[in-house]
Amino acid sequence: MAIKRSKVSVIGSGFTGATTALMMAQKELGDVVLVDIPDMEDPTKGKALDMLEASPVQGFDASIIGTANYEDTKDSDLVIITAGIARKPGMSRDDLVNTNAKIMKSVTKEIVNYSPDTYIVVLTNPVDAMTYTVFKESGLPKERVIGQSGVLDTARFRTFVAQELNLSVKDVTGFVLGGHGDDMVPLIRYSYAGGIPLEKLISKDRLDAIVERTRKGGGEIVGLLGNGSAYYAPAASLTVMAEAILKDQRRVLPSIAYLEGEYGYSDIYLGVPTVLGGKGIEEIIELDLTEDEKAALDKSADSVKNVLNVLE
Ligand SMILES: NC(=O)c1ccc[n+]([C@@H]2O[C@H](COP(=O)([O-])OP(=O)(O)OC[C@H]3O[C@@H](n4cnc5c(N)ncnc54)[C@H](O)[C@@H]3O)[C@@H](O)[C@H]2O)c1
Ligand SMILES: O=C(O)C[C@H](O)C(=O)O
């Protein structure tokens, strides 16, 4: 049998979907199918063609098509969901819940109809609850339905730490746990610059300020953009997760995973450290938490549960 390139479908061709499609094609992760609603079919085709025309200039090999027909997604190895509405200044991510839950249900039906064994990575907000909705609707095993928040939240944290210390972002590591809301939990104790614990390099006051800015990082961009939310760093985050799965890299990355007792929670999707590889979420890493860290994580999990409770 001939060896085939991977196929990745991106549902939603808006800011995050289109940017993710381009980043994945630039990294030659596979052929890309960009999908939107029928009313958006022509602009979606236009974006895909425009990206394809960048390929000779940048020297990447990938087919990129735009469509409103799910048949074109048939046999996707991986599907990324970015479809839905984004928040505007003054809104919380949770305000999007019922509109986006309906969209999750309808797109998930179509996805698994054409790709019954695929992996799905969800971006749409409120992402912890939307990942739960997609999991329930898809019937896929839990390790194949994954949400994105921690890679982005950790990237924001690393950016602010690198700025504070005037060091390369490459040398700063961190971990953000919990739901993708203002009470997410950046774990300072597990964060380093060049292997040195951050607590030895940055004062408590400054670290507290960095944690607060990280928690409100999405809102900071929403406020600046005025009409829409972040998309470059979210697309980069989705791309690294897609790469980890498609290339079976077994990367240690924070993902929104379905918990069955891990960290003391059950029947919930929440951000935790995971091993991401060719089987999707291959492991959930359970870190020892102090009482304060566990209390912060409980608060964040409660916020996610409150959103799950309003799901219609
Ligand atoms: N989890 C995260 O870290 C994170 C980061 C950034 C954005 N987001 C979320 O991602 C979502 C998308 O953000 P965006 O900036 O790309 O928004 P956008 O408005 O630019 O794009 C959304 C696209 O979804 C399409 N769409 C709507 N209903 C659809 C359906 N039924 N089928 C297919 N496509 C459909 C729209 O036509 C639009 O093109 C938002 O909910 C946003 O809050 C999450
Ligand atoms: O903040 C938002 O609404 C979008 C996204 O969740 C983000 O963190 O940038």
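Any Cβ shown, glycine's included, is placed from N, Cα and C.
Just so you know, TrEMBL annotations are computer predictions that nobody has curated.
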Given TrEMBL annotates Gly12, Ser13, Gly14, Phe15, Thr16, Gly17, Asp36, Leu123, Thr124, Asn125 as NAD(+)-binding, which of Asn98, Asn100 belongs to that site as well? Asn100
Between Ser149 (phosphoserine) and His180 (active site, proton acceptor), how far is it from one CA atom to the other, in Å? 6
Give me the Cα-Cα distance between Asp36 (NAD(+) binding site) and His180 (active site, proton acceptor), rounded to a whole Å. 25
Over the domain 'Lactate/malate dehydrogenase N-terminal' (7-147) the mean pLDDT stands at 98
On a count of neighbouring CB atoms within 10 A, which of the binding-site residues Arg87, Arg156 is highest? Arg156
Counting other Cβ atoms within 10 Å of each Cβ, which of the binding-site residues Gly12, Gly14 scores lowest? Gly14
For the substrate site as recorded (Arg87, Arg93, Asn125, Arg156), determine the largest distance between any two Cα atoms, in Å, rounded to the nearest integer. 19
Lowest local Cβ density (other Cβ within 10 Å) among recorded positions: Asn125, Ser149: Asn125
